[in-house]
Every structure is written in structure tokens, then in C-alpha cells.
């Protein structure tokens with residue numbers, strides 16, 4: 001029975017996908033959307049069932065569906081593992097997924113390809129579930145690549161726009177760089193332990209009979225995979241571009257779920273990373289730098305979704321910081337709270353964009369508070385959460401990260417704190433520019449300003465509520481999440497005892513956040529500053545505004561040489577190689593042409609050669625010794 | 001120096017000289033005449049070797065038939081003039097070089113090889129009288145003898161074929 | 001009872017003579033461009049060989065060599081007949097029997 | 001011997017038929033006669049060769065000679081079948097042509113059945129003289145004259161060389177009989193005359209098969225001769241000469257020395273390479289096939305490296321080559337019948353106007369190139385295999401490289417047939433050519449599929 | 001019933017097609033190819049039951065050549081690949097009309113015959129004959145029914161023919177040498193040969209030349225792109241889908257077991273060369289302007305990886321190579337067919353001139369997309385199984401091989417998606433693009449269905465191939 005339910009949990013969104021791809025066009029948009037949503041809701045409900053079951057008996061549920069890949073030294077089956085970690089992920093993936101599906105029914109209603117949108121969205125949920133529930137790395141890899149594919153499809157959803165397609169392609173390829181790392185990591189693990197099954201790897205690793213250098217390499221490779229998927233330095237540039245997709249996509253895939261896959265994977269393989277402290281250090285440093293760099297870019301962005309995108313990168317950086325410091329639960333905690341408020345923020349921004357008929361530039365917004373109160377308030381709550389204001393969810397999770405960082409390395413703590421301050425600043429900058437002061441758009445837009453319909457606001461409200469109370473799952477003191485996840489985490493982490501130091505740190509964080517808010521307030525409310533037009537931005541601001549020219553740098557360093565090489569190969573080397581082959585023919589033909597001159601029709605010459613031949617042969621045979 | 005040897009050397013010198021003159025003469029008629037002389041001198045060799053029948057046949061066939069045919073052709077074509085253009089110098093030089101080369105090569109080999117001096121077989125049997133030759137030719141060599149007739153027949157048909165005008169053509 | 005004449009002359013001398021004669025024939029073939037003279041040169045070659053046949057026949061005290069000379073002569077006669085026939089038709093078409101003029105076929 | 005007699009009497013019949021004005025009967029009767037001869041030849045198979053000593057050791061019917069004679073007879077039948085149409089415009093000389101071809105066959109048979117050098121010499125002369133005549137037989141065509149003249153001059157020069165060789169062999173051994181020579185060849189104290197004599201005979205034969213550097217006559221003569229004569233030369237004459245060369249070498253020497261083998265290697269490689277490379281730039285198809293023939297001569301020479309065992313391989317190779325050649329020439333004659341020359345342009349677009357003929361020509365060219373299932377492939381393969389076994393890898397590699405080059409020019413013709421546009425109307429094909437081409441190529445493929453048909457003959 | 005029936009059926013099919021006339025030819029050919037497919041399935045069932053469906057009979061006494069056909073897992077897999085793809089390829093051509101279509105389809109069936117023979121042959125010479133026979137039909141198919149300028153096509157096709165023939169002739173010399181050693185061409189006798197180091201070297205490289213040109217491994221690939229471009233799509237499919245696999249198959253069946261020491265010694269170089277092909281092919285594909293040429297170079301990259309797998313000499317490498325051969329066979333046929341479908345509608349293959357098809361033909365787009373994804377080895381497609389196994393085997397040899405070879409998944413994604421974007425996406429094209437019709441859809445669906453099914457459940461193929469590979473490896477490590 002459980003097997004069937006688990007299968008249903010997995011396949012329900014897939015059914016939705018099949019329905020929408022084959023029949024979506026024939027049924028009305030409402031039905032298409034409803035079925036898409038329902039299938040995800042089914043998964044959500046089943047997740048709750050399993051979650052309840054797990055809470056009751058505490059035993060993870062693992063089944064093997066069928067034999068899959070077999071290589072020389074091991075055999076993999078297609079198995080499902082529902083343990084604490086995967087169920088936790090399932091809950092918020094399907095939960096938030098359901099909300100976003102619901103939201104999309106209204107948001108995408110005007111799009112002619114809505115059924116496809118839902119199909120892709122369902123497919124995404126399916127793959128995300130696969131990623132989460134697999135009982136071995138290879139099944140995770142299916143989901144891993146699958147979500148990448150859906151991300152590609154959804155970013156390029158408006159396929160008539162080639163820049164959007166470029167963004168989609170970029171996302172896919174960047175992800176694939178990470179995927180290669182993932183693959184190599186898997187190969188090393190498979191070679192070392194002859195298995196890819198989590199439980200078996202875990203027992204093998206803890207037995208401790210592996211070459212630690214190779215193990216480190218494996219961990220590093222897996223981390224590269226995580227970097228690609230979770231948009232860490234140096235592979236983060238695809239995520240801001242991915243905002244080309246419809247806003248629900250950004251909310252679901254590029255904020256709440258897919259990008260956290262890297263964190264999921266690292267958490268999943270925590271026993272491996274625990275044995276490789278060097279790699280952990282690298283993860284922590286990469287996370288911290290990513291958090292800072294992304295936050296700093298976010299400071300000056302004018303596209304509402306870009307700001308949120310950099311914010312996401314930055315927050316993901318913080319999570320990796322936590323992972324690198326071995327605080328897996330903290331990271332997971334932040335993943336969950338982040339999912340709530342970031343989804344809410346994205347959906348809110350979507351609501352704004354929807355209200356403004358596609359306008360995304362904050363310079364052309366302003367004063368929307370009145371027109372869109374629900375949107376404003378839900379977004380405000382989420383902003384407070386992300387800024388880390390007590391007692392919103394973000395405060396708790398972010399604070400724990402800072403505390404862990406402080407405990408390990410002060411420098412990392414400082415970096416993370418600065419990133420947090422920046423976060424507070426740019427988020428409020430976003431809020432001020434969007435909702436405060438007067439409207440800066442066209443008259444026509446102003447005329448049409450309105451609150452979004454119910455289907456959009458209900459998910460917003462639910463997510464806002466979660467953003468407020470989400471911190472409850474791991475409040476200092478109860479530490480429910482810590483306890484819940486204990487079975488899947490190899491090493492036990494000491495629970496934080498709330499001491500003076502912790503309170504001081506909390507205070508500092510809170511003060512920092514408030515400083516950021518005040519700074520933003522001063523600049524954008526008091527001074528009424530509106531960001532300048534693109535052309536007028538100069539100096540270091542320009543560097544930041546242009547994202548430190550990282551994209552250009554990549555283009556210059558990789559894309560251009562690759563294309564140049566390709567052109568060189570195509571136009572020079574290929575014909576040259578071809579000519580080498582033809583060369584034999586040309587030489588033979590050339591000799592033939594010369595030979596024709598010898599065959600000049602002169603019988604005297606023929607006889608002459610004849611006699612010479614005789615002389616040569618006889619000399620060779622009878623005189624030469 | 002026995003008289004036989006002197007005769008041989010004389011004949012040999014004569015043969016070579018006439019052969020050379022055959023080639024060297026500019027006038028084809030002269031060439032033909034030298035050739036006849038050459039043939040005759042070879043007949044002398046045959047006689048020296050006591051091959052009487054061969055000698056007679058040599059005279060009849062070569063000097064008689066073949067050379068007459070050649071002369072006839074020369075006359076027919078009116079070639080008895082010294083109008084032949086020489087080959088290019090390089091060709092002639094090449095010809096001379098090849099000639100010398102070939103002679104040297106062949107002679108060197110024969111000199112280098114073990115010479116069979118001394119006593120030769122001399123069974124004393126008659127082996128080259130017309131009678132013996134006739135027996136050999138018409139017993140053992142019956143088949144080639146007949147086959148030679150095919151050869152001549154072919155040559156005959158061929159000559160006719162090559163020179164006969166096609167009736168049906170204009 | 002005639003003594004073997006080769007005891008006096010030696011077979012080598014015949015061989016040398018034949019080789020020289022043969023080479024003169026070859027030389028003629030290469031040296032001249034008049035087809036008839038070339039024919040004659042070939043005849044010289046054949047005659048040289050015939051001479052050697054007879055010499056060898058004596059050397060072996062064997063009639064077969066002389067018999068072969070007949071065949072060789074027959075062949076020579078046949079060749080000359082056919083050759084002259086070809087020559088005549090060449091002459092008719094080309095107006096000369098210069099073999100260097102036969103250069104239509106080449107390359 | 002019966003074979004030879006029958007053939008000769010058929011030739012005489014031709015001459016008589018002309019007298020009685022039975023021109024129409026000529027081809028049917030001779031073909032039927034030759035089929036009968038073929039029957040006789042094959043019938044002799046069952047008879048032990050030692051019995052046939054009646055004719056004073058001049059000829060012997062061995063499996064080798066019977067097999068090759070049968071091949072020659074088959075080739076001659078094909079040639080005769082094509083003659084009917086080919087000489088249509090000169091009916092007065094028709095019987096002469098047929099007779100000469102039949103005598104030519106007689107010479108060929110004599111060449112492979114001889115046991116006495118006299119028969120060999122006469123045979124080769126009959127063959128050569130017939131060919132001189134055939135080459136020059138277009139009396140008014142200057143090219144034909146030139147071809148005949150060149151062939152004659154060089155051919156009789158080569159005959160002189162052969163004769164000299166025979167003379168030296170006789171001088172060394174005192175015999176013309178092959179068996180005696182063979183018995184003596186190993187003896188101590190054999191004068192140097194003997195190897196020189198053999199060398200000169202071989203050189204003469206190399207000239208006949210057109211191996212480099214004695215190949216120069218071949219392209220010119222092939223090009224200038226009437227197409228049917230070229231067919232005879234490139235198939236029958238070459239095959240005969242090769243078989244004879246094989247028989248001579250294997251009949252007169254017990255084993256070849258290392259130096260001689262090396263020489264054969266060199267000549268073989270040289271022939272293949274020169275033939276193929278020169279063929280690349282040819283425009284005239286006959287000339288191209290002449291060069292191709294030179295390269296095939298090089299291939300066939302490889303068989304001399306495995307002298308004691310190569311008879312069946314040689315038979316197979318020659319059969320494959322000759323059958324492909326006949327088929328190719330049947331098409332070439334048909335295509336260029338009313339054309340001034342045999343240039344490749346004349347073959348443009350046959351693939352569309354006359355697919356059957358194009359297919360046959362393609363098949364025969366592919367066979368010559370050595371593509372399986374055509375017998376040319378097996379021929380080459382057996383040759384390579386034997387030669388590798390004998391340890392002459394270098395020739396085989398040269399052979400392989402040459403096979404590759406050869407594809408280049410064979411395909412030039414195929415490409416012309418299939419990719420170029422024809423500028424002519426479809427012409428009716430005389431039945432004889434079609435039947436000859438089809439039968440030849442079918443035979444080629446049949447022995448390609450069942451190589452044992454031939455290879456087992458000489459085991 | 002043994003495998004000869006399959007060969008005979010295909011041959012009869014070719015003849016029947018030839019005599020059926022131009023109108024019926026395509027249908028007759030399809031019928032025969034389907035029957036052949038059914039027959040091969042039946043043979044597979046028999047084979048799985050343990051029946052010996054091989055065939056041995058004497059053919060030529062001297063040299064000793066036998067008509068020996070061996071059916072093991074490896075050859076059955078390749079035969080099934082051939083017989084499964086042939087009907088698809090024939091069906092895919094239903095949208096085109098050919099002059100002399102009876103000749104065309106007869107050649108197609110004949111080629112299938114020759115290729116099946118190549119896969120089955122267990123006698124060196126028989127194998128070689130089939131190997132060469134397969135070359136002739138494709139030569140004429142490409143030459144006569146190809147597209148583009150005649151002269152250029154001629155040049156490309158002749159180059160292809162001579163080049164591949166050149167390679168295979170060296171293989172023939174190798175066989176001749178082996179025969180002189182073993183006295184037989186039978187596979188088992190050749191496997192038993194104990195060759196010296198030097199002999200192995202020469203044999204190995206004689207074979208390598210043949211296979212490197214056929215596969216092709218750089219730098220022997222120069223014939224490929226042009227021929228793919230110029231050949232009619234049916235020809236391109238036959239070439240890329242099946243014929244390339246002949247080379248790879250032969251590496252496993254003939255080259256490695258006969259000269260294992262040389263294979264071991266030169267393994268790094270060979271793998272390096274193969275992987276260089278992967279990178280090179282991918283990079284060249286990046287900037288291709290012609291759709292078919294791009295696919296050709298992608299094929300170059302993919303077969304490079306397969307070849308690398310073969311030369312690892314590990315179970316995984318060989319298994320993975322076979323999987324990938326099958327997967328690549330299907331996907332490349334699908335991709336070329338997609339190119340053909342586009343060409344039928346727009347009469348161009350220039351990537352620059354295409355675009356905006358998606359909005360007009362969503363069905364086609366989806367199928368094309370899936371094929372593109374399969375070709376970049378997305379998990380869930382059979383290509384992933386193959387690529388994973390091959391890369392895994394490379395990692396066993398040296399992790400850097402896997403890293404460098406693995407860049408194919410990045411570069412592959414890059415050029416394939418770029419191509420897809422330029423061809424399919426963007427503003428709606430002004431020309432009308434009709435969505436796929438039934439016969440076209442059948443081809444796509446069959447291919448996609450195959451790839452997805454075995455992508456999730458590769459066990460049947462695995463069970464079929466693995467024992468045979470293990471046997472061969474046992475010979476290699478003898």
C-alpha cells in the first residue's frame with residue numbers, strides 16, 4: 001500500500017504533465033490549471049501522510065522499484081527513500097508548489113500556452129520529487145538534470161524572445177558544468193565504494209577504509225555540482241538571467257525549490273563532507289563570498305526581479321556558509337524559511353508586474369501601496385523576514401547562521417553580517433521604490449492599477465503567514481528541526497544554548513538589519529532618490545550595476561575563445577585536414593601528369609628504356625654482388 | 001694460329017663490320033646490301049661449323065627471300081635516298097651508351113663465368129647432315145614443324161588482310 | 001672423322017661474337033629512325049642468335065639446335081612479311097616510314 | 001593436343017568457308033566448335049597427364065594447361081561473339097579476322113601446353129603476329145597503323161630477346177625439353193648461360209604482359225588498336241603471357257633465389273604503381289584500361305613469389321581479371337561504336353540511358369578494383385594471402401595502396417556514367433554485346449561467390 | 001531457424017523491391033524490413049531460450065573460408081539495431097520522392113543485408129566481404145540521390161569511398177597475415193592465436209586504420225561531414241545510424257580480442273585520440289551553419305566517446321559502448337530525420353535561415369526537443385545509460401579521461417541547444433510549417449519511445465549484451 005502511495009506521490013505530477021501536454025490544449029484553461037494544481041496538491045497531501053507516519057514510527061520508508069543501471073562493480077535499482085530529510089523537502093516543495101500552481105492559474109491566464117506552462121510546472125515538480133526521494137545518487141541525478149531541463153523550458157517559456165532563450169540556454173549549460181562535477185563525484189564514489197546508494201555509502205564511509213584524497217576529490221566534485229544548481233560562485237550568473245521566465249517560475253524554481261537542490265545534496269551526503277574538512281572550508285568560503293558579492297550587486301539593481309534574484313543568490317550563499325561549517329540543520333532551516341518568504345516576495349513582485357502589465361523596472365513604479373494593499377503587506381512581511389527582523393522567520397534562521405559563523409571564524413561572520421545588512425538595505429530599497437512615494441509610470445498604467453485577483457493574493461497571504469511563523473520549527477529552545485533531522489545527519493550537532501554571547505550576536509544582527517533599513521529609508525524616502533538612468537551611472541556604481549562585468553568576463557574568457565576556436569577549426573583546420581587526405585590524391589595525380597610526359601609516343605624512347613631495363617636487371621642479377 | 005682460327009676471326013670481323021655498316025649507312029639500299037653481306041658471312045660461319053644444310057637455308061631464306069622482300073619494299077617506297085634525318089644527338093648518344101653498356105655487361109658476365117675450355121664432346125656421330133636433320137625435324141619436331149606452317153599461314157593471311165582493299169568501300 | 005671444331009675456336013669466341021652482333025642489332029634499333037633499317041637490325045639480332053644456336057649445336061653435338069634455327073628462320077620470315085605489310089600501310093597513310101613520326105598515340 | 005588440332009582445323013574451316021561464301025555460318029560454327037573444344041579440354045581433365053606423351057614431348061596436357069586452355073577458349077568465344085557485329089562494315093575480311101583469332105587461340109594453347117621450347121617459341125610468335133595484324137587491321141586508320149607498327153617493332157625486338165634466352169638455355173643444357181631442363185637446372189657446374197637465358201626469356205615475357213619498365217608499348221597500342229583487338233590484348237594476350245611466364249619459371253627452375261624474388265618484388269611494385277598512377281590522368285578509356293592492365297600485371301607477378309603453389313591463385317586471378325575485362329570491353333565497344341574516340345565523355349549519363357550496360361561496366365570495374373563479391377576481390381585476396389604467407393609483406397602493402405589508387409580512376413568512369421548528363425539519344429544495343437557482357441559478368445560473380453570452382457581445379 | 005533466414009530474407013527483399021517497380025518499391029521495402037524486424041525479434045527470443053541460431057558451413061576450400069555466422073548477445077544487439085532502424089529509415093523516406101525508387105530501396109535493403117552480415121559474420125573473410133559490400137550501396141545512394149551540387153557531391157562521396165576502402169584494405173592485409181598464421185579465418189581460431197608483440201602491433205594498427213576511418217576517430221574524420229551533408233537523408237541515417245557502428249562493433253569483436261596486448265599497450269593513446277575527437281567534434285559543431293553538418297560533427301563527438309569506451313578494455317567500457325551505439329543509432333536517425341522534416345517544408349538546412357518553427361508545429365517541436373535532449377544524454381533517456389557507463393569506465397582508467405570526456409555533456413548541450421534555439425525558437429517564421437504527418441510521427445514516436453523506455457529500464461539490453469562482452473573480455477585477458 002505504501003509503495004503505491006509513494007508511487008502516487010511521485011507520479012501524480014507526472015500524470016498532470018501528461019494530461020496537460022496531450023490534452024491541455026483541448027480543455028479550457030481553467031481545467032488545465034486545476035488539474036495541474038490538483039496533482040501537486042495530491043502529492044502534498046501524500047507527503048503529509050508520510051510525514052505523519054514517519055513522525056509516528058520514526059522509520060524511514062525505502063523501496064526499490066526496479067533494477068536500473070548495472071555496471072561492473074555494482075548494480076543500481078530505481079529506489080525511493082522517504083526519510084526525514086526527503087519528507088521535509090517534499091513538504092515544502094509540494095506545499096509551495098501547490099500554492100504557486102494556484103497562483104499561476106490566474107497569473108498565466110492570458111497566455112495562449114498556459115497548458116504547456118502547467119505541463120512544464122508539473123514536470124518540474126515531478127523531477128523535483130524524484131530528486132528528493134531517490135535512494136541513490138543516480139536517481140537524484142535524474143531529478144537533478146530533470147529540474148534543470150524544466151528550468152530551461154520555463155525560462156524560455158516565451159520562446160519567441162531570443163534573449164529569453166539565451167537565458168534559458170545559459171541556465172542549462174551552467175547547470176551542466178555543475179552536473180559534470182556531480183557525475184565525476186559519483187564516479188569516484190562508485191569506484192571507491194562500489195555503490196551509489198546513500199545508506200551503503202554511509203556505512204562504507206563511516207567504516208573509513210577509503211582513500212581520503214580521493215574522497216576529498218569526490219566531495220569537491222559534488223560541491224561543484226551543487227554550485228551549478230544552487231548558483232554559487234563562480235557558476236551563479238545564470239540565476240539572475242533566469243528571471244526571464246514567468247514570475248511563478250522564478251518563485252518556484254529559482255527561489256524556493258530547485259536552487260536548494262544543492263543544499264539538499266550536500267546535506268544528503270553530510271557524512272561524506274564531514275570527513276573532508278578541506279572541502280568544507282572551501283564550501284564555507286565560497287558561500288560567504290557569494291553571499292557578499294551577490295548582495296552587493298543587489299544593492300543597485302533596478303529590475304525588481306533581478307534584485308530578488310541576487311538576493312536569492314546571496315541567501316543561498318549564506319546557506320552554503322552554514323553547510324561548510326557543518327551546521328546542516330541550520331542550512332536546512334534557512335532553506336525552509338527562505339522558501340516561504342522568497343516565494344512570497346517573488347509572487348508579490350509578480351503581482352506587481354501583473355498589475356503594471358509587465359513593467360519590471362522599479363524606476364517606473366512607486367506608490368503602489370494604496371493600489372495593491374494585500375500585495376504590499378504580504379511583501380512587507382516577507383521583506384522584514386528576509387531582512388532578519390525579530391520575530392519573523394528569517395530572523396531565526398539567519399541568526400543561527402551568523403552564530404555558527406561567529407563560532408567558527410570571525411571573518412566569515414563579518415562577511416555574512418555585511419551581507420545581511422546589505423540585504424536589509426536593498427530589500428527596503430525595493431519596497432520603497434515600489435510601494436512608497438508617488439507613481440512614476442505612465443498615466444495609462446496608473447489608470448489601470450488594481451489589486452490582483454484572489455487566486456493571486458491567497459497564496460501570497462498564506463506564504464506571508466508562513467514567513468511570519470516559519471521560524472517556529474526551529475526556535476532556540478525547542479530545536480524541533482534539529483531533533484527531527486538527527487537520524488539522517490551523521491554527526492550530532494550541539495544544540496545552541498542561549499547564552500549571553502548569543503543574545504549579543506542576535507542584537508548585533510538585528511541592529512545591523514535596522515541600520516540597513518534606516519539607510520534605505522534615508523536615501524529613498526527622505527531624499528526621495530530615484531535610481532538614475534542606465535547611461536548616467538558612473539564609477540564604481542557602474543561596475544556594480546553591471547554585475548562586476550562577470551558575464552562579460554566569462555564571455556571573454558570562455559565563450560569567445562571557444563567560438564574562435566570553433567571558427568578556426570571549421571574554416572582552417574578542417575579544410576586543412578581534408579587537404580591532407582586529398583593531398584595523396586593530388587600527389588598521385590601530379591605524378592601521373594608528369595608521367596604522361598615520359599609516355600611521349602616516341603618508340604625510340606620506349607626501346608631505350610626497354611634495353612636499359614634489360615641491362616639493369618642483368619647487372620643486378622649477375623654482376624652486382 | 002690454325003687456319004681455322006684465322007678464318008673464324010676474319011669471318012667474325014667481316015660479320016661485325018658489315019652489320020655495323022648496315023646500321024651506319026645512310027642509304028637504305030646500301031644498308032640492305034651490307035646486310036646481305038652480313039648474312040653471307042654468317043653462312044660462312046655455318047660452313048665453318050660444318051652445318052651445311054643450315055648454311056644453304058640461310059642463303060636461301062635470308063639473303064634470298066627476306067632481303068629481296070626488303071629491297072622490294074624499299075624500291076616500292078622509293079626510299080633509296082639519303083634523306084633520313086638523324087635522331088636528336090642526345091638520342092644517338094644514348095643509343096651508343098646503351099650499346100656499349102649492353103656489350104660490356106653481357107661480355108663481362110661471360111668472361112666472369114667459368115669458361116669451359118679444353119676438350120669438347122666429339123662423339124664422332126653424324127649429327128648435322130641433311131639426313132639426320134630431316135629425321136629429327138620430321139620425327140621429334142613434327143608438331144612444331146606443322147605448327148610453323150600455322151605461323152606462316154597466319155602471316156600470310158595477315159599480310160593479305162593488311163594490304164587488301166575493302167571491296168565494299170569506295 | 002672430323003674433330004670438333006670448337007676445340008680450335010672455343011665456344012666463348014662464338015658467344016662474344018654473338019653478343020656483339022646482337023648488341024649491334026640492338027644499337028641499330030635504337031640508333032635509326034628509318035623503320036626498314038630497324039627491321040634489318042632486328043634481323044641482325046635474330047641472325048646472331050641463329051649463329052649461336054648452330055655453335056651450341058656443335059658444342060653439344062646435337063641436331064636440335066640446328067632444327068631450331070629453321071623455326072627461327074620461319075619466324076623471321078613471317079615477321080618480316082607482316083612487318084613490311086604494316087610498314088606499307090603506314091607509308092600509305094603517313095607518307096614516311098620514320099618511326100619518330102609515330103607520335104599520335106602518347107600521354 | 002586434340003584441343004590444338006581441333007582449334008587449328010576450325011581456323012582452316014574459316015578460310016574454306018570464305019571460299020564457299022558461308023560467311024553467315026562462320027561465327028555460329030566456330031563458336032559451337034569452340035564449345036566442343038572446351039568440352040574436349042574439360043574432358044581431358046579426367047585423363048592422367050602422363051598418358052599424353054604421344055606427341056614426342058612437344059606438348060603435354062596437364063591440369064594446368066587444360067585449365068588455362070579452357071579459360072582461353074572461353075575468352076575467345078566471347079571475342080568471337082562480339083566479332084560478328086564489330087566487323088560488320090568490312091565483310092570481305094570477316095573470315096580472315098575470325099581465322100586469325102582462332103589461330104591466335106591455337107598459339108595461346110600451345111603456349112600453356114608446351115613441353116618443348118620450340119613449341120613455346122612458335123606459340124608466342126603465332127600469338128604475337130596475330131596481334132600485330134589485328135592491331136594494324138584498320139588499314140586506313142592512322143592510329144591503328146601506328147599501334148601496329150609500334151607493337152610490331154617492340155614485339156619483334158622482344159622476340160629477339162626471348163630467342164636469345166632460349167639459345168642460351170639450350171647452350172647450357174643441350175635440351176629444349178622442359179623436363180630435361182628442369183632436371184638439369186639444379187645440377188652443379190651449370191654455366192652462367194642458363195640463368196641469363198632464363199632471365200632473358202622472362203624479360204621477353206615481362207614485355208608481353210606489359211610489366212614495368214617494359215610496359216611503354218601497352219598504352220599506345222591499346223589506344224590505337226581497334227577496340228576488339230584491345231579487348232583481346234588486354235584480356236586474352238595478357239593472361240596467356242602471364243600463364244606462360246608462370247609455367248616457364250616453374251618449369252625451368254627449382255626455386256628462385258632471393259635476388260630474383262627481390263627483383264620480382266621490385267618489378268611488381270613498379271608495375272602496379274606506374275600503371276595506377278598513370279591511369280589516373282587518362283581521358284581515353286582504352287588507354288586507362290591499358291594502364292590498369294599494367295598494374296594488374298604487377299599484381300599477377302606477385303604470384304611468382306609463391307611459385308610452387310600459386311597456380312590456382314594465378315588461374316583465379318587471370319580468370320577474374322579477364323572476365324571483368326571482357327565485360328568492360330563489351331560495354332566500351334558498344335558505347336563507343338559510333339564515336340570518334342573512347343574518351344570518358346562518351347560515357348556520360350549511360351546510367352540513365354542504358355542502366356543495364358552501366359551496371360555491367362560498373363560491376364566489372366568494381367571487380368577490377370577488388371571489391372567483394374566480385375571475383376576480383378578474391379583474386380586479390382588470394383594473391384595477398386599467399387604473398388603474405390611467403391613473407392613479402394612489402395609487396396602486399398604496395399598492392400593495397402595501389403588498389404586504393406586504382407579505385408580513383410575506375411570511379412572516374414563510374415561517376416561519368418551516373419552523375420553526368422547524357423547528350424545523346426538511347427541507342428539500340430546489338431544483342432551480341434549484351435549477351436557477352438552479361439555472361440561474362442555473371443561468370444565473374446559466380447566464381448566470386450564460389451571461388452572453389454576454380455581454385456580446386458589445380459589442387 | 002537460424003540467422004541465415006534473416007540474411008536471405010533481406011536479400012530477397014532487395015530483389016523483390018527491384019522488380020516491384022517504382023510505385024510499389026517503397027512499400028515493398030517497408031514490408032520486407034518489417035518482416036525482417038519481426039524475424040529478428042523471433043530470433044532473439046530463440047536466442048534467449050538458449051537455442052543456437054548460429055550457422056557454419058564450408059564455403060571455399062582454399063583459402064579456407066567458412067560461411068560462419070555467430071549469434072551472441074553482441075551481434076544480436078547490433079542486428080536488432082539494424083533491423084529496427086531499417087523500417088524506420090524506410091518509413092522516414094515516404095515524404096520524399098526519388099527517381100528510380102526501386103533501385104533506391106533495393107540498395108537500402110541490400111545495405112541492411114550487408115550490415116547484418118557484418119554483424120553476424122564469424123569468419124574473417126566473410127566479415128570483410130560484408131563489410132565492403134555495405135560500402136557499395138551507400139556510395140550509390142549518396143552519389144545518385146544525394147543533394148547539392150553534383151561536382152561537390154561527387155568529390156565528397158568518392159573521397160569517402162576511397163578513404164574507407166583504403167582503411168579496410170589494410171585490414172584485409174591484416175586478415176591475410178592472420179590467415180597465414182592461423183590457417184583459418186574463423187573467429188575462434190583467430191582468438192586462439194598467440195601473436196608476438198610486433199605482430200600484434202601491426203595487426204592492431206592495420207585494423208585500427210580501417211575502423212578509425214569508418215568510425216571515424218580524428219584525424220581520420222574528414223570525409224564525414226561532407227558526405228552526411230551531401231547524401232540523401234536516408235543515406236545519412238544509414239551511415240550515421242548503423243554503418244558507423246560497424247566500425248565500433250568491429251573494434252570490440254575483432255580488433256581488441258585479436259591483438260589484446262597492443263590494445264593494452266596503446267590504450268592511453270587510443271583513448272586520448274578518441275576523447276580528442278569528442279572535444280574536437282563538439283567545438284567544430286558550435287559554429288556550423290548547416291544543420292546536417294552540425295549533426296555530423298555531433299556524431300563525431302559521440303562516436304569518439306564510444307570509441308574511448310571500447311578502448312578502455314573494461315566491462316563497463318565495452319558494455320557502455322554497445323549501449324551508446326544503440327542509443328546513438330536511434331537518436332541520430334531521429335535527429336537527421338528532424339532535419340529532413342524541416343527541409344521538406346523549408347527547403348533549406350541553413351541554420352541562419354530557419355527559426356520560429358515552434359509556434360507553428362508544437363508536436364514536431366516537442367519531439368525534436370526530446371531528441372535533442374536524448375542526444376545530450378539527459379537522464380531518463382537511453383543515451384544517458386550509455387554515456388554514464390562509458391564515462392564511468394573512463395573514470396576507472398583515469399579520472400581525467402572522464403573529466404575531459406565528460407565535457408561533452410557541457411559542449412553537447414551548448415551546441416545542440418544553440419542549434420535548437422536558432423532553428424525552432426524565435427518569432428514565428430513567415431513560411432508555413434505544417435506539423436508532422438502520420439508517417440513522420442510514427443518514426444519519431446518509435447524512436448522516442450525506444451529511447452525513453454530503455455532509458456528507464458535498460459536491463460533487457462544489459463542482460464543481452466553483458467554475457468557476450470564478458471566472453472570477449474575473457475579472450476582479451478587470456
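Backbone N, Cα and C atoms are what each Cβ position is placed from, and that goes for glycine too.
The shown structure was predicted, so the numbers you read here are calculated from the model rather than taken from an experiment.
The stretch that TrEMBL tags with transmembrane segment, taken from the ranges A:249-267, A:477-495, A:534-552, is A:249-267. Check TrEMBL against the ranges A:141-159, A:160-178 and you find transmembrane segment recorded for A:141-159. Among the residue ranges A:58-76, A:210-228, the one that TrEMBL annotates as transmembrane segment is A:210-228. With helix defined as DSSP H, G or I and strand as E or B, the domain 'NADH-Ubiquinone oxidoreductase (complex I) chain 5 N-terminal' (A:68-118) counts 29 helix, 11 strand, 11 coil. Counting C-beta pairs under 8 angstroms (sequence separation of 6 or more), the transmembrane segment (A:307-325) reaches the transmembrane segment (A:249-267) with 3 or more such pairs.
Summed and averaged per residue, pLDDT over the domain 'NADH-Ubiquinone oxidoreductase (complex I) chain 5 N-terminal' (A:68-118) gives 84.
With pairs at least 6 apart in sequence, the transmembrane segment (A:331-353) and the transmembrane segment (A:249-267) have 3 or more Cβ pairs within the 8 Å limit; the two touch. Residues of the same chain lying 6 or more positions beyond the ends of the transmembrane segment (A:35-54) and with a Cβ under 8 Å from any Cβ of it are 5-6, 8-10, 12-13, 15-16, 19-20, 60-61, 82-84, 87, 90-91, 94-95, 97-98, 101-102, 104-105, 118-119, 121-122, 125, 129.
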